[in-house]
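To start, the structure itself, in structure tokens.
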Amino acid sequence: MAQEGQDIPTFKCVLVGDGGTGKTTFVKRHMTGEFEKKYVATLGVEVHPLIFHTNRGAIRFNVWDTAGQEKFGGLRDGYYIQGQCAVIMFDVTSRVTYKNVPNWHRDLVRVCENIPIVLCGNKVDIKDRKVKAKSIVFHRKKNLQYYDISAKSNYNFEKPFLWLARKLVGDPNLEFVAMPALLPPEVKMDKDWQAQIERDLQEAQATALPDEDEEL
């Protein structure tokens with residue numbers, strides 16, 4: 001199985017969301033990607049090559065991280081151009097970061113059009129959750145995939161990448177055969193809490209969408 005070179009299928013993955021939602025923490029969990037990251041000075045971004053091993057061979061996501069530029073307004077189109085997939089992240093302890101998800105989605109699809117997108121609610125290890133599962137409906141309206149994640153505990157780290165890999169390769173049965181080397185968890189997910197948030201999410205997904213036509 002190839003480790004280096006251009007023979008690994010490689011996809012540009014754009015990582016967006018408000019500042020402070022944990023995007024950089026998330027992408028830095030993957031140890032080899034952090035070690036091999038490249039800085040693109042013209043755009044002020046870090047590109048992390050995240051390799052995953054699947055039952056069809058290795059796959060690489062070149063994950064573009066904004067390095068905090070989003071705090072100064074929108075991102076330049078060069079960040080999005082040739083993006084083949086995307087992760088939009090918000091912080092479940094901050095309602096405003098979820099309210100801004102439609103803006104990030106709009107910017108993404110304006111440049112990238114019809115690419116697979118995963119919405120991630122980060123920091124679910126924190127019990128003081130402000131954005132409840134039942135409030136998270138944007139992905140259902142726009143046909144995106146959604147995952148609760150906790151970057152600091154590694155909870156569901158691989159899920160967004162597995163979903164994107166299946167879409168990009170066109171194989172719904174694609175599986176990761178080994179987990180990448182991740183940094184040790186900084187926090188532990190409480191097992192009862194984890195079971196609770198998984199139940200809440202299942203219930204929310206089974207609930208009909210509200211009739212009103214508002215974005216959120």
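Even glycines carry a Cβ here, placed using N, Cα and C.
Here's what Swiss-Prot has on this protein:
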- 7-171: domain 'Small GTPase Ran-type' (DOMAIN)
- 18-25, 36-42, Gly68, 122-125, 150-152: GTP binding site (BINDING)
- 37-45: region 'Switch-I' (REGION)
- 68-84: region 'Switch-II' (REGION)
- Gln69: site 'Essential for GTP hydrolysis' (SITE)
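When the alpha carbons of Ala151 (GTP binding site) and Gln69 (site 'Essential for GTP hydrolysis') are compared, the span between them is 20 angstrom. Each residue contributes its Cα atom, and for Asp18 (GTP binding site) and Gln69 (site 'Essential for GTP hydrolysis') those atoms are 10 Å apart.
Its Cβ placed at the centre, Ala151 (GTP binding site) has 27 other Cβ atoms within 10 Å. When secondary structure is read from DSSP and collapsed to three states, Asp18 (GTP binding site) falls in the coil class. Counting neighbouring Cβ atoms within 10 Å of each of the binding-site residues (Val40, Val124), the lowest count belongs to Val40.
Taking H, G and I as helix, E and B as strand and the rest as coil, DSSP gives the region 'Switch-I' (37-45) the counts 0 helix, 4 strand, 5 coil. Counting every protein chain shown, the Cβ of Asp18 (GTP binding site) has 21 other Cβ atoms within 10 Å. Note: the Cα of Lys37 (GTP binding site) and the Cα of Gln69 (site 'Essential for GTP hydrolysis') are spaced 17 Å from each other. Cβ contacts within 10 Å of Gln69 (site 'Essential for GTP hydrolysis'), excluding its own Cβ and spanning all protein chains shown: 16. Classification of Ala151 (GTP binding site) by DSSP places it within a helix. It is 12 Å from the Cα atom of Gln69 (site 'Essential for GTP hydrolysis') to that of Thr24 (GTP binding site).
Summary: among the binding-site residues (Thr21, Thr24), the fewest other C-beta atoms within 10 A of the C-beta are counted at Thr24.
The predicted model assigns the region 'Switch-II' (68-84) a mean pLDDT of 80. According to DSSP, Val124 (GTP binding site) sits in a coil region rather than a helix or strand.
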